[in-house]
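*Asks:* Annotation comment: TrEMBL describes 6-29, 36-60, 92-112, 119-140, 146-167, 222-241, 261-281, 302-335, 341-362, 369-388 as transmembrane segment.
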Amino acid sequence: MDILKFIVFEILGVTPFLVGSIAFFGLVMQRKSFDVVLTGTIKTIVGFLVFGGGAAMAVASLDSFQQLFSEGFGLQGVLPLAEALTALAQTKFALCVSLIMVCGFAANLLFAKITPFKNIFLTGQHNLYLAALLTVVFKALGWSDLSTIVCGSILLGMSACIFPAICQPWMRKITGSDEIAMGHYVTLGYALSGWIGSKVGDPKESTETIQLPGWLNIFKDYIVSVSISIGIFYYIAAFAAGKETVESIAGGMHWLVYPMFQALTFTAALYIIITGVRLLLSEIVPAFLGFSEKLIPNSRPALDCPVVFTYAPTATVIGFISAFVGGLLVMGILAIMGSNVIIPVAIPYFFIGATAAVFGNASGGWKGAIAGSFVVGILIGVGPALIYPIMESVGLSGTSFPETDFVALGLIVYYLGKMLP
């Protein structure tokens, strides 16, 4: 059990090591020289750590925003955070979650080898979240550990191959190639955003090239546009929370300076993410050729959602704002209906909303970015409410999964399972 935990949480669960291992074996399979293998492996891991560090900075900044926003507007309810629910699931079903993740990754490689779906899912933490979801669903159905592990592993392996394929047509539009796939289980939402974009806008009117009059041209620089727009959001939350609340989390900084400092920190985080993605892609794509050519022909790596941020950085802030507005709308409607209120947590709304906007922008320009991310924001508000009763049935309360793919798969598996004798 200790060895299994080490493999799951210290290797497969640490995505930089997982991706670095793939790069290492890919370069070895291409019979590259020792120095090329070493350099490529290190740069791949460092690239992932750079964009992971940027993501951690963004999460910390968004957490401050969430504290101010929740305190200022008195929000209480269910928090849609995969990380929180996975942590709860691991405390109750550690063996099942661990084995499903390990065996599911092996199944991913097998299915990529024998099926037309050639995606190798390299976002280790998302496979861990999916393992937790499948465990919870099967336990809610009353299944044994053995049945849960076997069926969960097969489903995880299939999901890791098939879900990235759903939004691959739009990934090709975004990246201009077929070399990488989306390794983030919101592919149904991203594909929907891409489709919506194609119906409401023109890709020629991209968020990155749109012409603005006069001094507004400064907003064409995403560093400026993100700083100002996110700064406005922070000040709204800060004024709603009040001086005392801001001072309690500002660590001695003046309460009127703190919101702008956090906004600028968030912008710096986004810049770091984009820099890390560029370094990662420059190494993992050529390294993966060895993996593809020798072991699983025509396969491609499925990478975490920030991998697309570099293609439309301005769209990312548009997506966060638009998706967050959609989440607030859902929260209000659920409150009126007397249902479980899903609090729009800033962290998933940024990463999911930003990615949805990049997809919408690729097919529909700025109109697609706004419309697509808004609809996805609604989905990641409604979805957690739909699947929450299953979580509660096994004693996991207070949090739920926002990812569209988790919700769809979880509901389908649960209700099909209920139909079995």
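Backbone N, Cα and C atoms are what each Cβ position is placed from, and that goes for glycine too.
In the displayed structure, how are the listed features positioned relative to their neighbours?
*Replies:* Among residues of the same chain six or more beyond the transmembrane segment (92-112), those with a C-beta under 8 A of the stretch's C-beta atoms are 1, 4-5, 7-8, 12-13, 86, 118-121, 127-128, 130-132, 134-136, 138-139, 145, 148-149, 152-158, 160-161, 296, 299, 394-396.
For the transmembrane segment (119-140), the residues of the chain that approach it from at least six positions outside its boundaries are 8, 12-15, 18-19, 22, 82-83, 85-86, 89-90, 93, 96-98, 100-101, 104-105, 108-109, 112, 147-148, 151-152, 155-156, 159-162, 164-165, 181, 183-185, 291, 296, 299-304, 390-391, 393-394, 396, 401, 403, 406, 409-410, 413-414, 417, judged by C-beta separation under 8 angstroms.
Residues 93, 95-96, 99-101, 103-112, 115, 117-121, 127, 130-131, 134-135, 138-139, 181-183, 185, 187-188, 190-191, 194, 302, 359, 405, 409, 413 of the same chain lie 6+ residues outside the transmembrane segment (146-167) yet bring a C-beta within less than 8 angstroms of a C-beta in it.
With a cut-off of 8 Å between Cβ atoms, the residues of this chain six or more beyond the transmembrane segment (222-241) that come close are 65, 67-69, 71-73, 208, 255-256, 258-260, 262-264, 266-267, 270-271, 313-314, 316-317, 320-321.
Sequence-distant contacts of the transmembrane segment (302-335), counting only residues of its own chain at least 6 positions beyond either end whose CB sits under 8 Å from a CB of the stretch, comprise 15, 19, 51, 54-55, 75, 77, 119-123, 126, 160, 164, 171, 174-175, 180-184, 186, 206-208, 219-220, 222, 225-226, 229-230, 233, 270, 273-274, 277-278, 280-281, 284, 341-344, 346, 349-362, 366, 369-378, 380-382, 385.
Beyond the ends of the transmembrane segment (341-362), by six or more residues, the same chain brings 55, 58-59, 62-63, 65-66, 69-70, 75-82, 167, 170, 173-174, 182, 184, 186, 189-191, 193-194, 196-197, 201, 203, 206-208, 305-306, 308-309, 311-312, 315-324, 327-328, 330-331, 334-335, 368-373, 376-377, 380-382, 384-385, 400, 402-403 to within a C-beta distance below 8 angstroms of the stretch.
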